[in-house]
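Contents: one structure, followed by commentary.
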Amino acid sequence: MTLSAAASPAPTPLVQVRGLTVEFATEEGALRAVDGLDFHIDPGETLAVVGESGSGKSVTSLALMRLVEFGGGRISAGSILFDGSTGRRDLAAEPLEAMNGIRGNEIAMIFQEPMTSLNPVFTIGEQIAEAVRLHQGANDRDARAEALRMLEKVRIPEARGLLDRHPHQLSGGMRQRVMIAMALACRPKLLVADEPTTALDVTIQAQILRLIRILQEEMGMAVMFITHDMGVVAEVADRVLVMHRGKKVEEGSATEIFARPRHPYTRALLSAVPRLGALAGETLPRRFPLVVIEDGAAGVAGSTTQSPPQDTVRGDRPLLEVGDLTTRFDVRKGLFGGLTGRVHAVEQVSFDLRAGETLALVGESGCGKSTTGRTIMQLQTATSGRIAFKGRDIFAMAPAERRRLRQKIQYVFQDPFASLDPRLTVGFSIAEPLLTHELVPRAEIDDRVAALLADVGLLPEHAKRYPYEFSGGQRQRLCIARALACEPELLIADEAVAALDVSIQAQIVNLLMELQEKRGLAYVFISHDIAVVERVSHRVAVMYLGQIVEIGPRIAVFENPQHAYTRRLMAAVPIADPTRRDRDRPMLEGEIPSPIRRLDDLPVVRPLVEVAPGHFVARHPIGDFT
Amino acid sequence: MLDYLVRRILGTIPVILVISVVVFAFVHLLPGDPARLVAGMDATLEDVAAVRKSLGLDGPIWDQYWRFLSHAVQGDFGMSLKSRRPVITEIGERLMPTVWLTVFAMVWATAAGLLIGVASAVKRGRWQDWGGMFVAVSGISFPSFWLGLLMIDLFSVRLGWLPTGGYGTPAHFVMPSFTLGLGVAAVMARFTRSAFIEIAREDYVRTARAKGVPEQTVIWKHTLRNALVPVITMVGLQFGFLLGGSIVVETVFTWPGLGRLLVDSVAYRDYPVIQAEILLFSLEFIVINLAVDVLYALANPEIRFR
């Protein structure tokens, strides 16, 4: 890891990239994705390449592997000198066939999507063994033995049984371990990791990051780590390369970049990053410092201002009361589709929410946070329990009244690309709920849409356009405008900022908080991102296996976490500060347990215990916590 | 897997029952009295009653259906009105020629379709792709009776290389199976091409390249193996197309198969034979689709291990 510092002065770089330019042919001419990039990677070091979407960081990694040609790209200029076993070679000039001897052998790569990066029709063992056979000329039996050794190396329990399994039988975290085993099977000198943990839960991310680091030390290889997550950068990097629009913005050691970013873009990027602990000691949420990243004639500029705390909670009676809410799904198997078990997605969840308040539901995949939101929204039928809006039980309401209630509760989804109809103008999408519920006379619709667009920071003339003309951040603004059209009092935001770049993410979070201040909106903020949750929420509920294990004021849960799971979850979050990294902190081992149970095996649920005013904790055994 | 197989087989039972009802109803849905039609306009009432009894059209309707079904299960479809022989014997003689014709057509068409489809996909946008797709579109557009006649004119009449029709030697198979399979080959080529292009974009194909797998292995192992999954479904559907196509091709090449028997029976209003043939064609289609489902499961581990 720190080989570069320990080695003799200025080691020969393993990779020396000069003037790298990659172009893609488009109908409007050549699109330059990477433009005159220079950098190097020393043997044994970790270089993190950071940037937002469209910065060219992934294209750079694909160019290094010469995989960019298969995606329609072309290295139009520059050199990639690689210090391989057969001497120094310029990979940019190698014939494509010659790259087969280097790929997977001397340079290996792992990708972002472990769910789709393994071939579904071949066994795990075969997929690892293939690389060994190809590059080391091993026979079937030796290759299989080596595959087993690699699976053990990436700490997969019962590795022998896994050899003959297929990828769909494995979780995302396990598949990423298999990918790593495959990549490292031939002991490469360089591992290129393209967002390898982005699709994973934080606790699994922490495990994978630790695994990569341990293997890197064992094998003495260099790692080129592509990520958009500054927390991960701080966690892994020796040196950092910041990219923006295909160009290098800044390069330096990790501690230097984080402590003294020289370029305005780096500064803007860093200030937009949600940092866990940024609001330590404060009781109320507070907006992100305003970040403006502009790419005008004067280059990139960033500016920041501080905002006041979010003191918006109003009223003594709760707006929303959820009592012992349970949602289960049937699992059917076998010849006649007999009921064999149930998914206990939500198990006796209780909380309340006041006007102007934000309650965050946090937890990992399968913990039931989204199902809770969907059940409140009545997109999902509850198995049992009570949901009351303004004191009225919604399960007891007549269907017509319940439909009217739908206006008052609105939902914002994670994927702004999938949640707008591509064939309708955005003005129509926003106006549709107004028309359906007959809230506004037809003549006033246009004015109303214009006002809503202005509320979310867009222009009235945008109403005539189609979704493809907008960026991801703008689309999420449109989704928010549509949700606001019915004058809701409660907004359920389900991972509403998870798919966005950090700078956009900060803007959307600020927009949500501004709207809360203006309109007194209550939010159920569903998120896996603990650092964002710290920014927005007045109160936090931590979910695990369908149950709330801890709920209370944000400051209490974050600064005085009482449940072991909450503590482990917090510890797994990478902190965007390389000087604070603690690589040996305890973490959750193994997989996230499954919420599927046999019919006769009901989970234990007991009332939470109040440890401080408003701060409740589960004291009964749940899952791995006994 | 066994579970899956048993479930699939049980699932065909209601389908077969529905088909048997339709086939049974067929005679009743015809305008007029079938017994009168069969016996002839100048037959006596006693003759008509006798014919009605021999056709199994006497008594209450559920009773008729029950007799039809229980006889059909035993392979008894009555007597052919034309040849006065048992229908089952009539069909038995014609079954194998049609089976061999469709199997030959299917095998060459699938092989050729796969090759052309993969070649077109790999050389996407280049002349090989244009050429392959030109052949494919032509193959779909050519009516088989027209193509059959043209081939007879060229290869049999002018060149004298191949027999104009009939059944027996391998030479007899060449033109009919080519004519029958051409449309299928064309559809398979287009379908394989699009399936292959879609799979080639998958992350795991990139993973294979990142491992240093040579390009030919990437194509034939990593990509095609996955592209085969949808292609197998297509093969099953195309078999149905072939069964229909065989009627035309057998007529053109005077092939002694089921297709021509069906045409002849329709011309003669030989209801028992028509009924038996429709039932047989439907059963063939069900069995083939069952086989395809099994193959599909073998090719796709996500189904095999569910």
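Quick reminder: no glycine exception, Cβ is built from N, Cα and C everywhere.
As recorded in TrEMBL:
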type     : residues  : note
DOMAIN   : B:95-292  : domain 'ABC transmembrane type-1'
TRANSMEM : B:9-30    : transmembrane segment
TRANSMEM : B:99-122  : transmembrane segment
TRANSMEM : B:134-152 : transmembrane segment
TRANSMEM : B:172-191 : transmembrane segment
TRANSMEM : B:231-258 : transmembrane segment
TRANSMEM : B:278-299 : transmembrane segment
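Packing against the transmembrane segment (B:99-122) from elsewhere in the chain are residues 128-129, 132-133, 135-136, 173, 176-178, 180-182, 184-197, 200, 219-220, 224, 227, 231, 235, 238-239, 242-243, 246, 249-250, 255, 257: each is 6 or more residues past its ends and has a CB under 8 Å from a CB in it. With a cut-off of 8 Å on Cβ pairs spaced 6 or more residues apart, the transmembrane segment (B:134-152) and the transmembrane segment (B:172-191) reach 3 or more such pairs and are scored as touching.
Through the fold, the transmembrane segment (B:231-258) approaches residues 91, 93-95, 97-98, 101-102, 105-106, 109-110, 114, 144-145, 148-149, 152, 164-167, 175-176, 179-181, 183-184, 187-188, 191-192, 195, 277, 280-281, 284-285, 288-289, 291-293, 295-296, 299 of its own chain, all at least 6 residues removed from its boundaries and within a Cβ separation under 8 Å. A Cβ distance under 8 Å defines the sequence-distant neighbours of the transmembrane segment (B:172-191), meaning residues of its chain 6+ beyond its ends; these are 100-102, 104-106, 108-110, 112-114, 116-117, 120, 132-133, 135-140, 142, 144, 147-148, 151-152, 155-156, 162-163, 165-166, 230-231, 234-235, 238, 241-242, 245-246, 249-250, 252-253, 255.
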